[in-house]
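Student: Below is a structure I'd like to ask you about.
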């Protein structure tokens, strides 16, 4: 029996921990979970669809959204805005759907402030050495970029204590199972079940 | 990878919700979970063993335990003391073992005060009507006792909001799965993983 409203699951962690792979695998295994789509002012690339890959917005529209507090968080990257619109999240949650937001640690901290009822999960690498191996293994990053990421990661890992949950990503399959267990458990948090608790306590004689 | 220390799982709820059956089924399926054994001043019945069914104590010893704060909670029932000794719980938790405590709602509220780091799960009946059916179904209770239990239950159910989790016990199997998911999730609470988070953030060059 489904007892509670939907949860916003925020998955975050340093670059290279594999959080993207974990999110894709989670969505593949649990298609009932919705994915939070970002808004951006950058132009669509070939094949990208509005409302699927991103919500594509004009700069003035995006700035209005910022002004009106319609974004859970936003950032400017190389002259383009990126952000998380709140309205589609609220809509899905009140329809009882869970929604997954994958975001960097800076963004997650902002979401924590604006939406503390979210479920915040920090994905950890097994060690910084292993993180270095994974980043080098991609073969796409220059040496100075690798060093920068690793230094950032060492600092970011301490942020894990600000999250409710911390999961070491040793195997994607295990991490997905753990995130699914966290999500299941969160649905049974009594603060999310007050309506049904009330209903049961008054159920006599129905 | 096991990231954290053990959890004290406290399972509680009104009489008749099936919390005892849930606990037995949980322990059968997860023999790695230890069971919290109560201390009592009542005499052992035939076949009961000290340290297995109860810790059997003399009245003066039990009263000393109360004085010394060695009990998480205690109560006097028909002239005998019953209580939950803290020392064996602390021992098992620091050895990394989870420990299950099944207790009535009065006792659970006392444990919450003394041991807020426990995981408190309230077992709900699907409805008060269903609870009445279950209590009557046992065929062991007199009419006035049934009425007393049902009145108590209606009040107790509101206490569910004080617990972290509330689970409707519709099927024992499902409830056991939910409790197991809650326990798994709790092991990944970052507050329980501070040691390993520290270790990883300093792991470079090892």
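A Cβ is built for glycine as well, from the same backbone N, Cα and C atoms used for every other residue.
The annotation ATP binding site is assigned in TrEMBL to B:13, B:14, B:15, B:16, B:17, B:18, B:19, B:20. Here TrEMBL flags B:6-184 as domain 'Guanylate kinase-like'.
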Student: Can you check how the pLDDT averages out over the domain 'Guanylate kinase-like' (B:6-184)?
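Tutor: On average, pLDDT over the domain 'Guanylate kinase-like' (B:6-184) sits at 94.
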Student: Name the secondary structure element type, per DSSP in three states, that contains residue B:19 (ATP binding site).
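Tutor: It is helical.
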Student: For the recorded ATP site, enumerate neighbouring residues of the same chain (Cβ within 8 Å of the Cβ centroid of B:13, B:14, B:15, B:16, B:17, B:18, B:19, B:20, site residues themselves excluded), in sequence order.
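Tutor: Apart from the listed residues, the neighbours are B:123, B:125, B:169.
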Student: Under DSSP, is residue B:13 (ATP binding site) helix, strand or coil?
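Tutor: The residue in question, residue B:13 (ATP binding site), is coil (DSSP, three-state).
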Student: At a 10 A cut-off on CB-CB distances, which of the binding-site residues B:15, B:17 has the highest count?
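Tutor: In terms of Cβ crowding, the pick is B:17.
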Student: Least buried of the binding-site residues B:16, B:18, B:20, going by other Cβ atoms within 10 Å?
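Tutor: Counting other Cβ atoms within 10 Å of each of the binding-site residues B:16, B:18, B:20, the minimum falls on B:20.
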